[in-house]
Amino acid sequence: MNPNQKIITIGSICMVIGIVSLMLQIGNIISIWVSHSIQTGNQHQAEPIGNTNFLTEKAVASVTLAGNSSLCPISGWAVHSKDNGIRIGSKGDVFVIREPFISCSHLECRTFFLTQGALLNDKHSNGTVKDRSPHRTLMSCPVGEAPSPYNSRFESVAWSASACHDGTSWLTIGISGPDNGAVAVLKYNGIITDTIKSWRNNILRTQESECACVNGSCFTVMTDGPSNGQASYKIFKMEKGKVVKSVELDAPNYHYEECSCYPDAGEITCVCRDNWHGSNRPWVSFNQNLEYQIGYICSGVFGDNPRPNDGTGSCGPVSPNGAYGVKGFSFKYGNGVWIGRTKSTNSRSGFEMIWDPNGWTGTDSSFSVKQDIVAITDWSGYSGSFVQHPELTGLDCIRPCFWVELIRGRPKESTIWTSGSSISFCGVNSDTVGWSWPDGAELPFTIDK
């Protein structure tokens with residue numbers, strides 16, 4: 001092959017390679033264009049679907065929690081959540097809290113709690129045994145999660161609180177201020193909507209558990225006055241965060257604090273704490289017009305702490321060991337009652353659920369079911385009720401649930417702080433089991449040594 005032929009051959013090969021490369025580039029461009037066109041088309045097609053979904057979510061996100069159903073029939077209690085906040089807080093950033101409670105909308109359940117403006121295992125946790133301080137705030141996080149700065153949202157400045165959802169927005173009630181002039185601040189969807197001033201100037205206080213909503217109205221009970229004598233008690237009816245009606249209970253010789261309230265067939269039942277002279281629990285039930293009835297749980301299975309050994313009950317206050325008390329709850333079923341109580345008669349330890357089929361009206365101490373929740377060797381604390389509406393569960397009844405606070409630290413343990421974790425259970429009509437679900441943290445922490 002002479003030099004000219006070599007040049008022609010090499011040139012031809014280069015030309016072929018160039019043409020092939022050009023065709024590949026053109027093909028690549030066409031492929032990208034087609035792919036982009038398809039994606040763009042899909043995006044255009046998806047936009048109406050996305051908008052429809054968004055609008056649909058907004059439409060179903062606003063309902064009315066009717067509260068007209070009856071409580072679901074149940075045979076026992078299934079464990080619902082456990083946050084392990086103290087165990088996690090030995091190493092992680094977890095709030096120092098007390099008075100946790102749970103409330104559910106038609107979309108979710110949240111744990112509400114009163115912080116001390118401090119984290120566990122930190123210097124600011126010192127002295128947090130104190131109930132009322134300007135640093136306490138109501139916050140909330142998804143149920144079952146340890147309350148931390150990373151998953152919690154601020155709700156209100158408060159050392160006493162309540163919260164509930166009417167199907168449209170969250171209502172929060174936060175009480176703060178001096179003992180002789182505290183004010184409850186009502187917020188609806190995070191916006192201040194109303195206030196309630198202390199009317200007896202003696203530690204205005206509320207439920208420390210969820211308020212109750214029926215047909216768009218929400219209801220709460222507040223106390224103002226002595227913790228060891230006759231005080232004043234009011235029921236408030238609120239709509240979209242504004243007080244529309246209130247009534248003061250005519251209840252001589254009764255003492256109501258820290259009521260646990262729930263809806264049942266369109267009415268509200270509250271089971272409360274008698275800190276004055278009752279080792280059984282007082283109750284108040286009322287309709288949406290605030291027409292009310294009052295009484296004490298008659299059962300000889302006593303629900304408060306401290307309390308005497310079970311015996312003969314009374315439909316009035318049972319005086320032995322009646323002074324002082326602890327927040328608690330019960331669920332009424334006709335003449336029967338599910339009673340939640342500490343296992344110990346004189347300390348906040350252990351927890352159990354008891355079914356007394358005649359206990360709402362009968363004074364004997366017989367019962368037919370006992371389910372263990374926390375062993376007597378482990379600390380418990382406050383407890384309270386909450387419900388899950390049919391709009392959340394899909395059932396045709398209101399599911400009863402409860403939570404138990406598991407207090408750790410002062411005054412019973414050698415720490416500089418007081419805090420707690422929580423567990424919760426919901427009523428079911430299927431198999432359940434009794435056991436012990438304690439807090440489980442090993443104390444003291446590093447900050448305590």
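From the backbone N, Cα and C atoms, a Cβ is placed for every residue, glycine too.
The substrate binding site annotation in Swiss-Prot covers Arg98, Arg132, Glu257, Glu258, Arg273, Arg348. According to Swiss-Prot, the feature disulfide bond maps to Cys72-Cys397, Cys104-Cys109, Cys164-Cys211, Cys213-Cys218, Cys259-Cys272, Cys261-Cys270, Cys298-Cys315, Cys401-Cys426, an assignment based on sequence analysis. Annotated N-linked glycosylation site per Swiss-Prot: Asn68, Asn126, Asn215, in sequence order. Feature annotation from Swiss-Prot assigns region 'Hypervariable stalk region' to 36-70; the stated evidence is sequence analysis. The topological domain 'Virion surface' annotation in Swiss-Prot covers 28-449, and the record cites sequence analysis as its basis.
When the alpha carbons of Asn68 (N-linked glycosylation site) and Cys397 (disulfide bond) are compared, the span between them is 9 angstrom. Averaged over the topological domain 'Virion surface' (28-449), the predicted model reaches a pLDDT of 93. Ranked by CA distance from Cys270 (disulfide bond), the binding-site residues Arg98, Glu258, Arg348 have Glu258 at the top as the closest. Within the same chain, residues at least 6 positions away in sequence whose Cβ sits under 8 Å from that of Arg273 (substrate binding site) are His255, Tyr256, Glu257, Glu258, Cys259, Arg281, Asp304, Gly325, Val326, Lys327, Gly328. Among the recorded positions Cys72, Arg98, Cys218, Cys261, Cys272, Cys315, the ones whose Cα sits within 10 Å of the Cα of Cys211 (disulfide bond) are Cys218, Cys261.
Residues Arg98, Arg132, Glu257, Glu258, Arg273, Arg348 are listed as the substrate binders, and the farthest two of them sit 20 Å apart at their Cα atoms. Asn126 (N-linked glycosylation site) sits 38 Å from Cys213 (disulfide bond), taking the CA atoms of both as reference points. If you count neighbouring Cβ atoms within 10 Å for each of the disulfide-bonded residues Cys211, Cys261, the highest count belongs to Cys261.
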